[in-house]
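Per Swiss-Prot, the features are:
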BINDING   H64, H93  heme b binding site
DOMAIN    3-147  domain 'Globin'
MOD_RES   V2  N-acetylvaline
MOD_RES   T13  phosphothreonine
MOD_RES   S45  phosphoserine
MOD_RES   K60  N6-acetyllysine
MOD_RES   K83  N6-acetyllysine
MOD_RES   C94  S-nitrosocysteine
MOD_RES   K145  N6-acetyllysine
Amino acid sequence: MVHLSSEEKSAVTALWGKVNVEEVGGEALGRLLVVYPWTQRFFESFGDLSSANAVMNNPKVKAHGKKVLAAFSEGLSHLDNLKGTFAKLSELHCDKLHVDPENFRLLGNVLVIVLSHHFGKEFTPQVQAAYQKVVAGVANALAHKYH
């Protein structure tokens, strides 16, 4: 569960309504793979990840980023039950994919950076703080199966 004030919930919802999930998702996942190259081991089937340019222009990275952000978007509709919302994804990433749960936190932080880049002054310190709470809650929910 993420504890957000009504103002924080409104800020998150208002900004999210303007997010291009495909564009932001691809950019966030791409940046994760570039900045934290060890995360690429989970995406060997994606083809060329040999350079930042290759990663950022890789159609499979973009498609998976969109998928990740679509799941995140679903979570925003269930802020009071993130563990339940992400239970199956947590199980998949833990039991089958063996993803280090720290990667969820890293991706959340990268997402906040990408949102800041896309929305500039509209991404105020208050909005940023609310999104930090949300991405921390999502990362915690995704890591739940690991505990």
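Each Cβ is built from the backbone N, Cα and C atoms, and glycine gets one as well.
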Checklist entry - Where's the emptiest Cβ shell within 10 Å among the modified residues T13, S45? => result S45
Next on the checklist: Please report the Cα separation of the residue listed as 'N-acetylvaline' and the residue listed as 'phosphoserine' in Å, rounded to an integer.
Outcome noted: 34
Next on the checklist: Let's check the environment of K83 (N6-acetyllysine): how many other CB atoms sit within 10 Å of its CB?
Outcome noted: 16
Checklist outcome for this item: Smallest Cα-Cα separation from S45 (phosphoserine) among the recorded positions T13, K60, H64, K83, C94 is shown by K60
Next on the checklist: Cα-Cα, whole number of Å: K60 (N6-acetyllysine) versus C94 (S-nitrosocysteine)?
Outcome noted: 22
Checklist outcome for this item: Other C-beta atoms within 10 angstroms of the C-beta of C94 (S-nitrosocysteine) total 17
Checklist entry - How does the model score the domain 'Globin' (3-147) in terms of mean pLDDT? => result 88
Item to check | K83 (N6-acetyllysine) and C94 (S-nitrosocysteine), distance between Cα atoms, whole Å | outcome: 14
Checklist entry - Under DSSP, is the residue listed as 'N-acetylvaline' helix, strand or coil? => result coil
Item to check | Sparsest-packed of the listed recorded positions (K60, H64) - C-beta count within 10 angstroms | outcome: K60
Item to check | Between K83 (N6-acetyllysine) and H64 (heme b binding site): CA-CA distance (Å) | outcome: 22
Next on the checklist: Among all protein chains shown, how many Cβ atoms are found within 10 Å of the Cβ of V2 (N-acetylvaline), not counting that one?
Outcome noted: 21
